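Notes follow the structure.
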Amino acid sequence: MAIERTFSIIKPNAVAKNVIGNIFARFEAAGFKIVGTKMLHLTVEQARGFYAEHDGKPFFDGLVEFMTSGPIVVSVLEGENAVQRHRDLLGATNPANALAGTLRADYADSLTENGTHGSDSVESAAREIAYFFGEGEVCPRTR
């Protein structure tokens, strides 16, 4: 299986619950290497840009408001089949449908405040990583 990179966000509601370390531990226990991470507070412009594909949808303004309501943690995870395995660990987007033991089952509050984000394809992962990480901010892992 090919080594992939995927993009992850720990959203404001999960950051506020002080579960960043718990989530990172679950990433590592699942076999992911954390090759880039940082905490930031999105501006409205950054949030609108990141979620531009949803502009015009009924939930867009609420999503932007939520994503700018507090700090987030963005990370790049590396591993075999990383995109799909990360999405499996996150659970269903709607936490009401998330299986027990997934991050959204454990840390989500609602459909919008679902605790985490994960790329849905290798292509979107590359785009999302480039949105938040510049040259030299993601480390190569050799071990």
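Going from the start of the chain as shown, residues are counted 1 onward.
Using N, Cα and C of the backbone, Cβ positions are placed for all residues, glycine too.
Taken residue by residue with DSSP, His117 (active site, pros-phosphohistidine intermediate) is part of a strand. Long-range neighbours of His117 (active site, pros-phosphohistidine intermediate) (same chain, six or more residues apart, CB within less than 8 Å of its CB): Phe7, Ser8, Ile9, Lys11, Leu90. Swiss-Prot lists His117 with the feature active site, pros-phosphohistidine intermediate.
Residues or ranges marked as ATP binding site by Swiss-Prot: Lys11, Phe59, Arg87, Thr93, Arg104, Asn114. Thr93 (ATP binding site) falls outside any helix or strand according to DSSP and counts as coil. Contacts of Thr93 (ATP binding site) defined by a Cβ separation under 8 A and a same-chain sequence distance of 6+ are given as Arg104, Leu111, Asn114, in order along the sequence.
Annotation comment: Swiss-Prot describes Ser119 (among others) as phosphoserine. When Cβ atoms from all protein chains are considered, those within 10 Å of Ser119 (phosphoserine) total 24, not counting its own.
The local packing around Ser121 (phosphoserine), expressed as other Cβ atoms within 10 Å of its Cβ over all shown chains, amounts to 12. Taken from Swiss-Prot, the feature phosphoserine covers Ser121 (among others).
The secondary structure of Arg104 (ATP binding site), as reduced to three states from DSSP, is helical. Secondary structure at Arg87 (ATP binding site), as computed by DSSP, is helix.
If you take the C-beta of Arg87 (ATP binding site) and look for same-chain residues 6 or more apart in sequence within under 8 angstroms, you find Gly118, Ser119, Asp120.
Around the Cβ of Arg104 (ATP binding site), the number of neighbouring Cβ atoms within 10 Å comes to 24. Largest Cα-to-Cα span within the ATP-binding set Lys11, Phe59, Arg87, Thr93, Arg104, Asn114: 21 Å.
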